[in-house]
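Visitor: As listed in TrEMBL for this protein:
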type	residues	note
TRANSMEM	B:36-54	transmembrane segment
TRANSMEM	B:66-84	transmembrane segment
TRANSMEM	B:91-112	transmembrane segment
TRANSMEM	B:118-139	transmembrane segment
TRANSMEM	B:146-166	transmembrane segment
TRANSMEM	B:186-207	transmembrane segment
TRANSMEM	B:238-257	transmembrane segment
TRANSMEM	B:269-285	transmembrane segment
TRANSMEM	B:292-310	transmembrane segment
TRANSMEM	B:316-333	transmembrane segment
Amino acid sequence: MAQRLLAHGGLNGELAGAWSRARVLVDGSGRMTVAAPLLEVRGLVKRFPGVVALQGVDFDVRAGEVHCLLGQNGAGKSTLIKVLSGAHRPDEGEIRWQGEIAEFGNPTAAMRSGVAAMYQELDLVAGLSVADNVFLGHELSTMGFTRRAEARRRTRALLDRLGHRDIPPDRDVGRLSVAHQQVVSMARALSLDSKLLIMDEPSAVLDPDEVRVLFGVIRELTAQGVAVVYISHRMAEIREIGDRVTVLKDGRTVAAGLPAREVRTSELIGLMTGRVLENVFPQRVPVAQEAAEVLVVRGLAADGGFSGVDLTVRAGEVVGLAGLVGSGRSEILETVYGARKATDGTVEVDGRRLRRGSVGAAVRAGMGLCPEERKSQGLLLDQAVYRNITVSSLSSFARFGFLDDRAERTRSNRLTEALDVRPPGVDRVVRGLSGGNQQKVVLARWLLRECRVLLLDEPTRGVDVGARSEIYELIRDLAARGVAVVVVSSDVEEVLGLADRVLVVREGQVVHSGPADEIDESRVLDLVMEGHAA
Amino acid sequence: MSEDTVVTAPDRPATEKNDARRGISALLGSAAGRNTGLVVALVLLCLAGVVTAGDRFADLDNVLTILRLAAVIGVVSVGMTFVITGGGIDLSVGAIVALSSVWATTLATQGIANSTHWIVVVFTALAVGGACGLVNGVLIAYGRVVAFIATLASLAAARGLAEIISNRRTQILDVRGFTAFFDASVLGVPVLVVIFAVVAAAGWVLLNRTTFGRRTFAVGGNPEAARLAGIDVRRHTALLYTLLGLCCGLAAVMLIARTTTGSATHGGLYELDAIAAVVIGGTLLSGGRGTIAGTVFGVLIFTTLSNVFTLNNLSISAQAVAKGAIIVVAVLLQQRLARRSGT
Ligand SMILES: Nc1ncnc2c1ncn2[C@@H]1O[C@H](COP(=O)(O)OP(=O)(O)OP(=O)(O)O)[C@@H](O)[C@H]1O
Ligand SMILES: [Mg+2]
């Protein structure tokens, strides 16, 4: 055992810190040994029909550490944590929990042993209140009667701890924003008092300051000896919060237990993707001053969301909308698209004014919206990839209403290859794809459609670094062909790197508008948070 | 225990093996695979028929009787497949059939038909059915009434209207040419059966090969996503119910031809038979997945079952029990297959 740990240290130059965190015991003979890791996984294999999601994963987590899992979309991260939390049964391999072989047949068994998981795809029950969701499956009760007041009180305390006094414990979860749902999901995981907390891309829908709060909570937990498994595609986060990193590629461990702070980003990307990535963002092409104004929005307002929004996008221009979740960014896009009814203002495409609140009118004018929530607003989960891609451009594949299946598949295939959707194959059902790959499918739908105006809401949420740069390329290509693009993103770096012009939205107002290269990340963050930080 | 913590995987995963496995499970789960279960069920039923009723079952006339009976409910079921695939449900089909059959056989309609052409009867039934479907569709899509409730209301209203019009009497049809046309056979196949075959084939093409069909899957699979993708979900929904209404009108024509009557009691419990046939065929009640071939098998299975029971002098009640059992078994089987195909 000790030898093994030395091997770790020797190979990876591991920190003494990790040593001190590992539990050290003295056995009967007086020799010092290192306790078994909290969780140890050997040779884990998980097969789905047609796909081997995990084909031999080795992985271990020690008490009190933050262990990051890294890998491309579809590498098997979510599947691994679902196996660990009892949501899936492994086909082969062994899981040791505190040194004992463990079989988590179902999530409840895992929960009882002290494993809590926050899944990538939110697993809350719409229709139930926040408090009910937090304690679902481990309700507080006396002789079968739920203690609702107590549940509410504890829920409020948990939400407080996560910096969200603003979420009422009685509110129906289905009526919360995605970001708030994510917070509820975190509260649920915290309510379990677990020894191991698994978080699958928790930061994907969070704002920078919410991520900071989350990290505060994680540090608190690890100080108490709780282990955290943290999945994210954002390198900066891994550096900040991680102790060790395990990299998965195609369902296998390619590197285990690397020190999170020392290992070079290029090395990690190399391990993940097997290639070297030069520039994430493509070169900007200056937009001609005389380029036509394709999208003109004036004085747009909607109830309870935002007001007085002016936005002009020229042909070939990419405009970025930065702002906090809930600042009104997505509402602006949806209103421009007609999916929400504007109370005031006008939207013009190519000089023609659109009817308010009519998606049909917007679509006919050549507008497309890639919505924020891929699951509820974007995907036909039980249908094939190619059908998801072509659904909004069916007429271009039809002659007299009859569809040309073959053309649909070919064109979709070209896009999925460009976006590196894994596993390949446009006949697969979308439900079986990993989160990032599902996002690519939604995006592909809008890249396929020939739009005049393309509105993209969080286009790269949950997409890995490699594929992200492909997506940026494709967006740039579209702009070069004269499409007017509007991108909403919580990732300030993305907005600044991709857009020509940046608009900052705060509390339903546009507070800044200017060229992207005249403003830097910290200034945007200041603008975004002004009056918000307290 | 592995000494070395950095494990480097070979660059190429074993894709060929994966492909083979994928091929097999794809076959199992594909439409062909799923229908195999239904084919087997149908064959077993036929065997049971031959064993218990012998020549009375395995007789060409009997087979044609089964098909003729299947044709009417079959046409309704094809329409129902569209509505259910599109995420809806229609409980009023039986009532619409009744109303169409009554309206198309009133003395007034028959009078016009006799002084012009028998096709008037057909058009009347289609118009009444289509109009009822349109009303359902508009109520559901634009009025935002839950489909279950809206069509429950139409069920009551349409049957009531049929009783008022017919004065609760069975109306005998006597229109020159009509009976002759529908009683004929094409190459030994009764016209009713030919109509069913044509409707089923057209339904298959419409669902699987056209924009309309694809939009139906999208609307049923995720209406919000379909709306944001630029599909006019409300109009499409209204069209689906209208289509089903037209199917009911056609079914009414076929029923008139088979019975030479129009009556407010026609089409009793058609809604249950149609929904059951659609569901055991493999169409998802929650929408987004549908198969016409499955529906056709579903209809044939139920009709054959009734026939076998009748030949053996078993009661209607026993038939109902057997039907219930078949539905449960079929749905369980389907879930198995669906899980295996990973969908
Ligand atoms: N329920 C399922 N049915 C079929 N295949 C599945 C299922 N769940 C996952 N897979 C497949 O398993 C592989 C691993 O998926 P997983 O979700 O674990 O990826 P991931 O590493 O979490 O990716 P991402 O970064 O995109 O979230 C993928 O190829 C995926 O298509
Ligand atoms: Mg994942």
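Quick reminder: no glycine exception, Cβ is built from N, Cα and C everywhere.
Keep in mind it's a predicted model, so treat the numbers as computed, not measured.
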Visitor: Would you confirm whether the transmembrane segment (B:146-166) and the transmembrane segment (B:186-207) meet the contact rule of 3 or more C-beta pairs below 8 angstroms, pairs 6 or more apart in sequence?
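Guide: These two stretches do not touch.
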Visitor: Which listed range (B:91-112, B:186-207, B:269-285, B:292-310, B:316-333) shows the maximal number of Cβ pairs under 8 Å with respect to the transmembrane segment (B:66-84)?
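Guide: It is B:186-207 that shares the most Cβ pairs under 8 Å with the transmembrane segment (B:66-84).
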Visitor: Checking distant contacts: for the transmembrane segment (B:91-112), what same-chain residues at least six beyond its ends satisfy Cβ-Cβ under 8 A?
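Guide: Here the qualifying positions are 76, 79-80, 120-122, 124-126, 128-129, 132-133, 136, 148, 151-152, 154-159, 161-162, 165-166, 171-175, 244-245, 248-249, 251-253, 255-256, 261-271, 274.
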Visitor: State the non-local partners of the transmembrane segment (B:118-139) in its own chain: residues 6+ outside its ends, Cβ under 8 Å from one of its Cβ atoms.
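Guide: Sequence-distant neighbours of the transmembrane segment (B:118-139): 90, 92, 96-97, 99-101, 103-105, 109-110, 112, 145, 150-151, 154, 158, 173, 175-178, 181, 237-253, 256.
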